[in-house]
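The substrate binding site annotation in TrEMBL covers A:Met45, A:Ala193. Taken from TrEMBL, the feature ATP binding site covers A:Arg120, A:Thr166.
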Amino acid sequence: MENKTPGALLTAMRAKPPLVQCITNYVAMNIAANVVLAAGASPAMVHAAEEAGEFAAIAGALTVNIGTLSTQWIDGMHAAARAANASGKPWVLDPVAHYATSFRRKAVADLLALRPTIIRGNASEIIALAGGESRGQGVDSRDPVEQAEASARLLAERHGAVVAVTGVVDFVTDGAQALRIEGGSPLMPQITALGCSLTCLTGAFAATIPADPFAAAVAALATFAVAGEEAARDAAGPGSFSWRFLDQLAALDGAKLDAKVRINAA
Amino acid sequence: MENKTPGALLTAMRAKPPLVQCITNYVAMNIAANVVLAAGASPAMVHAAEEAGEFAAIAGALTVNIGTLSTQWIDGMHAAARAANASGKPWVLDPVAHYATSFRRKAVADLLALRPTIIRGNASEIIALAGGESRGQGVDSRDPVEQAEASARLLAERHGAVVAVTGVVDFVTDGAQALRIEGGSPLMPQITALGCSLTCLTGAFAATIPADPFAAAVAALATFAVAGEEAARDAAGPGSFSWRFLDQLAALDGAKLDAKVRINAA
Amino acid sequence: MENKTPGALLTAMRAKPPLVQCITNYVAMNIAANVVLAAGASPAMVHAAEEAGEFAAIAGALTVNIGTLSTQWIDGMHAAARAANASGKPWVLDPVAHYATSFRRKAVADLLALRPTIIRGNASEIIALAGGESRGQGVDSRDPVEQAEASARLLAERHGAVVAVTGVVDFVTDGAQALRIEGGSPLMPQITALGCSLTCLTGAFAATIPADPFAAAVAALATFAVAGEEAARDAAGPGSFSWRFLDQLAALDGAKLDAKVRINAA
């Protein structure tokens with residue numbers, strides 16, 4: 001693929017469209033599937049250890065999110081991540097509130113050892129993942145993205161992964177290159193599981209261009225930034241934003257995405 | 001019940017209204033419950049092996065969907081299906097993506113052995129269930145409904161069940177009679193779990209007229225076809241369709257349903 | 001806190017905002033998290049036995065809902081309730097359809113023994129919980145709130161808890177004092193899991209004023225009554241009500257809440 005702009009990748013994704021295996025949390029399942037569908041890919045929520053690995057070999061990419069973690073789900077996450085690795089499929093890790101309990105810290109350490117292709121988190125999660133002092137408590141970030149940039153670079157180098165930090169201005173790096181993406185809306189953190197949904201969409205882009213996870217992550221962030229900005233225009237609050245966001249994702253096309261997105265070197 | 005038109009059954013359902021036990025997937029739970037409530041019946045999401053059988057004896061009908069399958073859920077599905085059979089209650093099987101993994105294929109074979117009253121699936125699922133070559137991969141159908149009609153007839157005869165295939169034009173048969181239902185909207189496959197929700201609504205109609213599962217399936221398909229068509233009229237995309245669909249389900253009455261639905265002999 | 005009106009508590013909640021651990025059912029997870037976020041607090045859906053207790057010690061309050069119960073979840077509920085008690089945090093019990101099966105009756109009896117601070121249910125649930133004859137079958141109430149007032153008083157005294165009964169007119173008592181709250185909309189029971197969401201919001205208010213769970217419960221009921229009434233104004237059905245309700249929760253402020261709410265002595 002010559003042209004790797006977000007718009008070109010959105011068009012390519014819809015032409016494919018890729019099957020994305022999403023192991024995500026109970027809160028996110030419905031909205032994440034709707035986000036991936038609206039953007040034009042095909043989500044499949046498959047988590048059981050008995051089939052997660054078999055399915056990962058079929059899917060174009062895998063996403064793993066520890067939001068509502070249970071012991072019996074961890075085996076499925078491991079089986080799927082191993083199968084993704086074995087078949088050369090990219091996989092995305094979303095370490096939701098991994099700093100909150102020892103159960104979560106252990107789970108995320110084990111998942112990191114399985115070498116995710118992309119890590120997507122909020123600033124508190126990325127800072128804590130790099131070993132820093134975050135102010136995170138629950139699932140909401142309490143740190144600005146700028147504070148997490150050094151942590152993201154460190155994580156990217158340490159794990160050979162693309163790291164995407166989302167917030168008011170998103171930051172993405174693979175250790176060598178780094179970009180900032182502007183857009184979105186202050187309403188977005190008021191809607192639960194939009195970050196988890198972005199992780200699933202990142203999987204859809206990673207399946208579209210497996211050889212360039214950095215471009216895939218940028219495209220996912222850009223899609224959310226532009227669709228979010230458009231949806232917020234007529235939204236009166238989080239409720240009216242949510243359905244407008246799905247409408248905007250579906251209405252977005254490659255040309256509009258490239259015309260509207262604001263990406264800057266970091 | 002003399003009059004078994006979709007409209008008459010919708011009116012009868014609301015007069016009752018039946019309690020429907022829905023064992024469905026995590027993605028579908030919320031929207032399926034809202035669909036059943038909007039249409040006028042009473043959904044109950046009860047799945048644990050410890051209570052699923054006891055509850056099935058209280059409920060008017062049962063629906064079983066393997067969308068996000070886990071081993072521990074299978075026992076609950078079996079207990080509920082056995083209790084439904086033992087107490088003469090109809091039950092509906094939704095074999096989501098059953099062709100995707102060996103875990104799913106085994107699960108659906110075991111459920112078929114418990115003799116579902118109605119089987120509801122997309123074309124890829126019904127073709128594969130009859131032993132044919134479907135193009136299904138993930139949860140989305142890649143085959144047209146017309147290609148699945150022979151498979152549906154074969155399945156209906158083999159299992160003594162009503163088989164409903166949903167797509168652009170729906171097809172329903174009990175092996176002897178067959179109908180096609182037109183309507184709906186191209187937006188519907190863009191919204192996750194609407195098919196799963198239709199399965200739950202089919203249970204609500206089956207509980208309304210347990211003696212005639214064919215008429216129940218037709219009524220459920222007709223309700224979705226008309227409400228979907230109405231909701232699409234002012235929808236700008238999948239997000240604005242979703243809530244309008246619930247509004248239309250709630251606003252639909254028996255007379256309007258019978259006046260608007262387009263049913264043809266197949 | 002001198003001023004304990006619903007409006008004052010809403011303002012205090014947003015100034016904090018408290019972290020609320022919600023162990024709730026699969027149907028409710030998304031809408032409950034969105035309700036708590038829209039109202040201005042921070043929800044965290046954490047249920048696994050391995051971390052539920054550790055998390056309850058961090059959170060400002062805990063809510064436990066048995067809607068889609070599984071055996072493996074019960075351990076998490078117990079661990080969390082014990083940890084909440086040990087660290088002096090309030091916790092709220094929502095005994096969804098506890099009368100339906102022996103599995104549920106046992107679960108709720110064990111939870112009651114862990115001394116919930118607040119019990120929130122519909123009339124059928126509260127009547128049955130006090131040992132009376134309710135007409136409840138599934139998850140929907142079939143009894144009017146007035147019929148449940150004596151049961152609520154009895155439960156409050158027996159368990160030393162605040163008891164909130166929701167319906168057309170809500171009733172809340174701690175055994176000594178009692179109030180009725182008017183408002184809301186007939187559309188609210190048509191939307192699944194709004195009651196469960198109210199339980200989570202009650203947790204948010206309980207975390208705001210742990211010393212006065214009665215005032216917290218009243219504030220949560222008042223918030224729902226006013227936001228529901230406002231949302232219903234322009235809603236054409238359950239679908240258009242849902243997102244307007246989230247918008248109204250987010251738009252509500254303390255002054256408007258106190259000006260609009262209708263609370264009467266009982």
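Any Cβ shown, glycine's included, is placed from N, Cα and C.
Annotated features taken from TrEMBL, shown on the structure.
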residue: A:Met45; record: substrate binding site; DSSP (3 states): coil
residue: A:Arg120; record: ATP binding site; DSSP (3 states): strand
residue: A:Thr166; record: ATP binding site; DSSP (3 states): strand
residue: A:Ala193; record: substrate binding site; DSSP (3 states): coil
Intermolecular Cβ proximity, binding-site residues A:Met45, A:Arg120, A:Thr166 versus chain C, under 8 Å: none
Near chain B - the binding-site residues A:Met45, A:Arg120, A:Thr166, A:Ala193, filtered by Cβ distance under 8 Å: A:Met45
Cβ atoms near A:Met45 (substrate binding site) (within 10 Å, other residues, all chains): 27
Cα distance (Å, whole number) from A:Arg120 (ATP binding site) to A:Met45 (substrate binding site): 18
Which same-chain residues, if any, lie at least 6 apart from A:Ala193 (substrate binding site) yet have Cβ under 8 Å of it: A:Asn25, A:Val27, A:Ala28, A:Ile31, A:Ala32, A:Gly67
Packing count at A:Arg120 (ATP binding site) (other Cβ atoms within 10 Å of its Cβ): 31
Tertiary neighbours of A:Thr166 (ATP binding site) (same chain, Cβ under 8 Å, six or more apart): A:Arg120, A:Gly121, A:Asn122, A:Val145, A:Gly195, A:Leu198, A:Leu221, A:Phe224
